[in-house]
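Please read the structure below before turning to the comments.
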Ligand code: S3P
């Protein structure tokens with residue numbers, strides 16, 4: 001039991017949008033760790049950060065990741081920080097499912113993250129915060145990924161085709 005494919009990458013890289021399109025193309029379920037966390041907590045990611053703090057969010061995220069890695073034949077999108085803990089890194093390296101990293105530049109992501117859309121880590125100086133997180137996380141994303149897709153200057157349908165190509 002494991003997901004058909006796991007999408008990782010930073011905030012704004014399109015994991016949810018692309019994941020949903022890939023899932024519907026394959027006729028299988030789409031799962032997203034942030035959505036599951038929100039369902040379980042009964043509140044939004046922003047409210048969890050605000051009311052309970054980031055540490056509590058990361059605890060929930062770890063539990064959700066552990067459970068979702070057992071979801072069978074799904075397209076699973078991970079929140080940008082979900083693959084970062086040491087435990088998550090080992091689990092993702094060990095799993096047979098292909099892990100695809102959606103790589104995006106600051107220039108491409110900037111217009112998407114300017115207006116905060118439930119992204120508590122990007123509340124102040126979104127571009128600067130995004131870049132700082134990305135500098136720390138890029139080597140981790142790269143080391144976990146079985147494939148990297150450069151999503152810059154590509155349409156959604158081109159990216160979906162590239163994901164499907166990896167899965168062939
Ligand atoms: C986070 C990314 C978000 C969400 C939370 C923290 C991160 O998910 O899990 O705001 O640490 O990068 P998306 O990557 O889906 O925006």
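Residue positions begin at 1 at the first shown residue.
Cβ coordinates are placed from backbone N, Cα and C, and glycine is handled just like the others.
The ATP binding site annotation in TrEMBL covers 12, 13, 14, 15, 16, 17, 119. Sequence-distant neighbours of residue 16 (ATP binding site): residues of the same chain at least 6 apart with a C-beta under 8 Å from its C-beta are 32, 34, 77. In three-state terms derived from DSSP, residue 16 (ATP binding site) belongs to a helical segment.
Annotation comment: TrEMBL describes 16 as Mg(2+) binding site.
As annotated by TrEMBL, substrate binding site applies to 34, 58, 80, 137. Residue 34 (substrate binding site) carries a helical DSSP state (H, G or I).
Residue 58 (substrate binding site) carries a helical DSSP state (H, G or I). Considering only the binding-site residues 58, 80, 137, residue 13 (ATP binding site) has 80 as its nearest partner by CA-CA distance. Rounded to the nearest whole angstrom, the C-alpha distance between residue 80 (substrate binding site) and residue 15 (ATP binding site) is 9. Other Cβ atoms within 10 Å of the Cβ of residue 13 (ATP binding site), summed over all protein chains shown, number 25.
Within the set of binding-site residues 12, 13, 14, 17, 58, no residue has a CB atom less than 6 Å from any atom of ligand 1. The full span of the recorded substrate binding residues, 34, 58, 80, 137, taken as their largest Cα to Cα distance, is 18 Å.
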